[in-house]
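Features as listed in TrEMBL:
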type     : residues                                                                    : note
ACT_SITE : B:138                                                                       : active site, proton acceptor
BINDING  : B:13                                                                        : diphosphate binding site
BINDING  : B:108                                                                       : Mg(2+) binding site
BINDING  : B:136, B:137, B:138, B:180, B:181, B:182, B:237, B:295, B:296, B:297, B:298 : substrate binding site
DOMAIN   : B:5-322                                                                     : domain 'Phosphofructokinase'
SITE     : B:109                                                                       : site 'Important for catalytic activity and substrate specificity'
SITE     : B:135                                                                       : site 'Important for catalytic activity'
């Protein structure tokens, strides 16, 4: 076991439970006598470069527990992706502060950051344990059954679709909602869990794992509308044509890119608005409404899966235990061991870092616009306890008298 | 007391608790021996014209209770606004079915429908009790302390802003969200209840009660951004220039109007996208994100105020009691009698119908971009019990060593 300080940081998009992982790592670290102090980096790796640390050893257990239950990244986050030079700067700071354990909570990009930092540490002969703690609402980390943050976001999406389905049933028309998900359709597919009766929406689900063709989309919407007198659609922000070009880029003038070269898909209603125009224009349906769930779905307070909270806490705790007792670098992964139970495994950073999982074929219905029962079985236990339920009136119709 | 059937209908936009009012009216009606049967009209007044009735007397109390807890309008809704001719058709149907009591749950437009139907009934010498039961997330019915549906939508907006404020604190930039509200800013102002610490967003709130000037908006955003390093903004969909022209119409090509002559403001991300472009272009801030809460805010399942549920139930029950024991037409209104308690009063239809309440001046801060403590005192009890709370880490900063 290395002797020194612990540093915890949070990267990438916030989730509803990422603070559980942070607090799990902080409180578990404090149980080890080889740990002097526990620091938190303010705004991810950017905070390391800036020597912007909080001393979490001076925080109370009570407040840590309260923060654990608060969505979003309490330490702040960043989209920075360190290159070799950036990592060299990181070492200078870590060495100066005597940091021996680096825990970085994040998704694909963050895991790749941990991998580079780990390699740089080895190359610089600097003794450092680097552990990646998984987190992403996209659920797109390979070798994980699922990732913390996804279940709560999925719960939000399922509950949201329960509601908008009822709304659309009351005032009929076409309703479509754009859900987060650049490459993986898991979160959009979660909309299927909002469905109770066969007539309920979402009637159509579009995910990035299948090519999006505007003509097929219009034909699907027309068929569903003709059948139900209404139509509720869930669409991933990352839907793309056969060349892989996001549908949204064909319409938005400015295509903002982040440090990872990703085009901005969230924080704009463009995709939803364009598709609504298509439906209005081409199908002649009058009442067409589109929403973009946007940032609500990843940080809504008060719509959190208790299963997700528990697991997010455990990956934080396990990260510290793996680092201390296992004395090796790696990425903590979630493995499903029962219906429903999980266990955690430390895997090599290179096996997880920078890779993107997408929805497996057996989760996607043959139509390409629905999910399978296998997906419903997969997702349901993750949503946690106390899911709301929607009820409807029975159709005891009164015979017409005037029959006009 | 008239002898005959009861007819209940729901009009306008759904809310999270409108079924409480419906079930309250149904179950209360069944206690009176002069009531033969209780019908529900499918999709509001449109269902009456179509003779599309459900016999709610054949529904179980259990299922009614479950439906009461389900958001949106279980009977279906409509945007139809009856004129004299339409009302004549209504009478034909009501007369044919022996309906003596008409309860219509709705907002401004629906209350006006009830007024016209009531007048038409008198003109046609048809014995009919017409009662308007209040409902609207906009909170814009005059002579009411507040309206059922508003508290739950306000709770959603407050919780949503708690979350996006935390998200924006983690990944800094400008975030703006468009909230429903054509003429009244109550729902947008509810975002202020998501604020805990002085540094929290929303830092700026724009409501239709104050003229919106793009230049002032940009100056406000810049000032807040300079002060906090970030900025969270809440904006009513109905913000307009000094001539009363909605800001959104200056940008959207198609301006869809409903039967009431209202321009479509919801179900499009246009306003949010335009304002984001303004901030990016004119202020040179890179990370600017916009969301439109859309339909989530009025029918989200699992984010409901228990106070709202209770009151929505009571206005339904009181409507029946006023009709039976009072033997007069009118609109049920909510009056505040304590901190916190309410009572219900039946007022003449003409005093409520078709009128629009807006936020009173003493609820709006002098800056025009914030609310007063009077508003916070007004709204807080309506949000109900079990509001989530957000916590943050204390800033125990670690001294820099390298100081680069």
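Residue numbering: from 1, along the chain as shown.
Each Cβ is built from the backbone N, Cα and C atoms, and glycine gets one as well.
Nearest neighbour of residue B:237 (substrate binding site) by Cα distance, taken over the recorded positions B:13, B:108, B:109, B:135: B:13.
In sequence order, the binding-site residues near chain A, meaning those of B:13, B:136, B:296 whose CB lies under 8 Å from a CB of that chain, are B:13, B:296. Minimal Cβ crowding within 10 Å, among the binding-site residues B:13, B:181, is found at B:13.
Taken together, the residues in the domain 'Phosphofructokinase' (B:5-322) have a mean pLDDT of 93 on the 0 to 100 scale. Around the Cβ of residue B:109 (site 'Important for catalytic activity and substrate specificity'), a 10 Å sphere holds 21 further Cβ atoms from the protein chains shown. Sorted by the number of other CB atoms within 10 A, the binding-site residues B:108, B:136 start with B:108, the lowest. Cα-Cα distance from residue B:13 (diphosphate binding site) to residue B:298 (substrate binding site): 8 Å (rounded to the nearest whole number). By the criterion of other Cβ atoms within 10 Å of the residue's own Cβ, the least surrounded of the recorded positions B:135, B:298 is B:298. Candidates B:181, B:296, B:298 (binding-site residues) were compared with residue B:108 (Mg(2+) binding site); none lies inside 10 Å Cα-Cα. In space, B:298 is the closest of the binding-site residues B:181, B:296, B:298 to residue B:135 (site 'Important for catalytic activity'), judged by Cα positions.
If you measure from the Cα atom of residue B:109 (site 'Important for catalytic activity and substrate specificity') to that of residue B:136 (substrate binding site), you get 10 Å. Here the CA atom of the residue listed as 'active site, proton acceptor' lies 6 Å from the CA atom of residue B:181 (substrate binding site). Cβ neighbours within 10 Å of residue B:296 (substrate binding site), excluding its own Cβ and spanning all shown chains: 29.
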